[in-house]
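Take a look at the structure below.
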Amino acid sequence: MKSGDNVRAASRAIRALGLSVALATLPYAAIAAAPAPAAPVPAIAAPAAEASAAPDRGATAVQNAGNPLNLEGPTADVAASAAYTPMTPTPGVGMPVDGGIGLQKQFSPFGEYGHWIHDAVLMPLIAIITLLVLLLLVIVVVRFNRRANPIASRTSHNTLLEVMWTLLPVLILVGIAVPSIDLIAKQYKPAPAKALTVKITGNQWFWTYSYPDNGEFEVNSYMLNLPGQAPINAGVREVGSEAWDGPAQLEVDNRMVVPAGEPIRLQVTAADVIHSVGVPSLWFKLDAVPGRINEKVLFIEKPGVYYGQCSELCGVKHAYMPIVIEALPREQFNAWVLTHSGGAIDGQKPANAVQAPETATPAGAAAPATNPTEAVPAAPTTASPSA
Ligand SMILES: [Cu+2]
């Protein structure tokens, strides 16, 4: 008798295991079946692929040769195309909307992937689990109340149920972990070597954007003051005083301008206390920690203005240090760079720039390089070309 019970219990456990596996693999089936990921998932590879092709400094230089923005000297077109005007944001795009409860529309491959995980994996699982628990509660209330079921069962073990309620949650968690860890791993892959670097420094209470690849100029970014209210940042204009101003408490005097459609190496640090850079529509939030650099690749798919805020309590004006990223086509970004004194495209100096200090190298130091054969022995493999 006893052994018969055991055999039945074991076979029920095996069936339960099969059922659990089938249920828990649902997310994978969804991943395989859903049409959405087909676009975002391979798109993740885009930054790396474009990295090797697009931002090639040499190629850019060649492009610039035929470009009026190039250092060939000004032409009639230069003034027209080089005149940079801040972009007017599209209402509701790259910014929060009134009454919005979902995630903001995404403008980066990682953002689309993350948004897909939220919509196609997490929300269905949450809905199924919630409905299942609700169903079980209703069954218990209806079938096992004192009137309907006066003599309670005294069962204390049920192998089938115990196997199921242990295995099923484990498999659900594994199902969620697979795309999540995949996204995390991709997000923190180092930027390609040729990516444009932008350094973001958090200060109490404004941001500084540095462009080491573009002549090392820096831009300080302060929130615009609110009309009719005491100024938050002395000397800064009021929001709405220019045609391109975005929402109050999100718009700034100087935006962080970057090129769209190419990988950007963001390096984030802080000068005083811990801040955090976060832009919801670009799917990133990185702590800005004094004495330390946090890095990630940012790839913005299309030109636009994207708003975010400091996401770490950093003092009394924490709420007044928004982040505004303006992504522009490459030529317009170059034009913006050249509006800054010392601004340079891909390490080259503009034609009207003062010659860099490298010409001031002492004659003695420069002399060995004038003889190429002298320089060769430095490489160990060719250490004795003359011997
Ligand atoms: Cu802050």
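Glycine is no exception: its Cβ is also placed from the backbone N, Cα and C atoms.
Features of the protein shown, as given by TrEMBL:
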| type | residues | note |
| --- | --- | --- |
| DOMAIN | 95-191 | domain 'Cytochrome oxidase subunit II transmembrane region profile' |
| TRANSMEM | 121-142 | transmembrane segment |
| TRANSMEM | 163-181 | transmembrane segment |
| DOMAIN | 193-339 | domain 'Cytochrome oxidase subunit II copper A binding' |
| REGION | 348-387 | region 'Disordered' |
| COMPBIAS | 356-387 | compositional bias 'Low complexity' |
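Residue counts for the domain 'Cytochrome oxidase subunit II copper A binding' (193-339) under DSSP, helix first, then strand, then coil, are 17 helix, 65 strand, 65 coil.
In the domain 'Cytochrome oxidase subunit II transmembrane region profile' (95-191), the DSSP tally of helix, strand and coil residues is 64 helix, 0 strand, 33 coil.
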